[in-house]
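Report on the structure given below.
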């Protein structure tokens, strides 16, 4: 009888194990952390981080900045800003997430007073995620439109107006009246009345490229401004839906599925860039384009201009995706003793080298475009949307086999965007998992798909005829100085309040003790250099703030007010959460404030076997921190 009971017991236990496994399928049998799961392989993590850091900005912004700021000379401030601002913040966030195995909100158990910083990061990521997938939808549309024998924007077709032309359009000229009087007349009047322009008297203006009119009139069906919303552009809405379906399918098992997808989406862009570079290098005019990019005679005098250094710092800061919450979220799934220092070096260098490499591929093609159109490279080079959807498509349309190259290019943009989008959604789901772990274990798939559905519906306004104005508005406000505020508070909170030396001790628990000279550089950056640089960039950004516009169309007052409301909604949680934490604490106002500036008692390594002597009295991290849970002192003991 006892044997039967024992057998029955093990059957039940086995059944429970199977059930738990089926509910918690994002956790593998060999995972160190059986509550949250870990990356299946180190390469899954590295490729996900590279894919998150390397995005559209590496292709459509960095090459233009290099060209515009002295060519090859720009690489000097770029490398310096990487060392002083980008890498220190990147290493800090990777270490923070890995040490506690928590996402960007819950990780602020390290400093409860600043928990609102984590909320700000997640909210900004949500806003950016909404419009970022719209850009992916644009790439999908152009990729599908390229499956034709001839690219639809190669010629001015029936959708074009009289301004569509690759050559200058004559607007006025001189004509002879009665063989004696010479007057200047409108060209349309001259043609209508069968007059002939006198040689050399033509006054012309640049025409609009077919690719530009296709972008505005066909792809976007762009209205005259934000006041004119128009209708939803149905094919863009379908492309947006497809983009969200791809994201949802890649993330339905969390990092276990996205970690496999990135083997393609993170590597494929490099293959395409290499192919485009090889093809571009064989074209006439390619050398001219590349010389413009790196500067045949690099203009080192540009280094005296503050704007150049500001551009370098800003590009590094946004390119590495620091202070968005994604680095903390992705690193939180690492094993505790993973070498996050070497990971930070590898990912940052890969990101920066990718930017430089992409510039050669872009400018070789633009050089050919300038050559065949008889223009200077400076007249065809663009940045942002104008590069990706006007200038480069125009250049590809002039190549033999244009549709093939166009498909490759827009598929590359698609994969570049998807990597970053995967990490952004993972940031959101990781936050939900930390706040509601039991619910997330049972309902990861419906919650992930539900997030994608909600964000798709919110993004529909960005695929109306006024959609591009919305995309630009969100980017102008939410992807700007709000992130800088979060980054400054992050480094001040962790290094100045929690304690930089204390944080270094936490890192050494993961990667092993290092000699004091190893930390000399990081201390200098974390304590002084990086905060000063970030504050300088923030002040510069606020001083240079200008009302947003798109295609020289200014935004109405209500749109500017809405932009301010969006960013205020994101950052207002910083003071709100600080007030809530102080109210929940005990004692007089001074004691409450001091209490909230100390780590919560459930702060530390997630697994007990990693806590060592320093965190031996740590409270179970699965327990939520509240005002009744004591904080810990600098020694790691509860107070």
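Note that Cβ sites are derived from N, Cα and C of the backbone, with glycine treated the same way.
TrEMBL: automatically predicted annotations, no manual curation.
Taken from TrEMBL, the feature Na(+) binding site applies to 51, 53, 54, 58, 319, 351, 416, 419, 420. TrEMBL lists 620-629 with the feature compositional bias 'Basic and acidic residues'. TrEMBL lists 156-164 with the feature disulfide bond. TrEMBL lists 620-639 with the feature region 'Disordered'. Feature annotation from TrEMBL assigns transmembrane segment to 45-62, 74-92, 113-144, 232-252, 261-281, 316-333, 345-366, 404-425, 445-468, 480-499, 520-541, 561-583.
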CB contact flag for the transmembrane segment (261-281) and the transmembrane segment (113-144), at least three pairs under 8 A: no
Two-stretch contact, the transmembrane segment (45-62) and the transmembrane segment (232-252), at least three Cβ pairs under 8 Å: no
Please list, in sequence order, every residue of the chain apart from 51, 53, 54, 58, 319, 351, 416, 419, 420 whose Cβ lies within 8 Å of the Cβ centroid of the Na(+) site. 50, 52, 55, 57, 321, 354
Name the range, of those listed as 113-144, 316-333, 345-366, 445-468, 480-499, that has the largest tally of Cβ pairs under 8 Å with the transmembrane segment (74-92). 316-333
Positions whose Cβ lies under 8 angstroms from the transmembrane segment (345-366), at least six residues beyond its ends: 46, 49-50, 53-54, 58-60, 62-63, 66-67, 75, 78-79, 82, 86-87, 90, 270, 273-274, 276-277, 279-281, 283, 286, 289-290, 292-294, 315-316, 319-320, 377, 380-381, 387, 391-392, 395-396, 399
Quick one: find which recorded stretch in 113-144, 232-252, 561-583 has the most Cβ pairs under 8 Å with the transmembrane segment (480-499). 113-144
Leading stretch by Cβ pairs under 8 Å, where the reference is the transmembrane segment (445-468) and the options are 113-144, 232-252, 316-333, 404-425, 520-541: 232-252
Quick one: give me the count of other CB atoms within 10 A of the CB of residue 416 (Na(+) binding site). 29
By Cβ distance under 8 Å, which residues at least 6 away from the ends of the transmembrane segment (404-425) in the same chain are close to it? 48, 50-52, 54-56, 58-59, 125, 128-129, 132-133, 135-136, 139-140, 142-143, 146-147, 151, 243, 246-247, 250-251, 258, 261-262, 264-266, 268-269, 272-273, 275-276, 279, 321, 324, 326, 329-330, 388, 392-393, 396-397, 448, 451-452
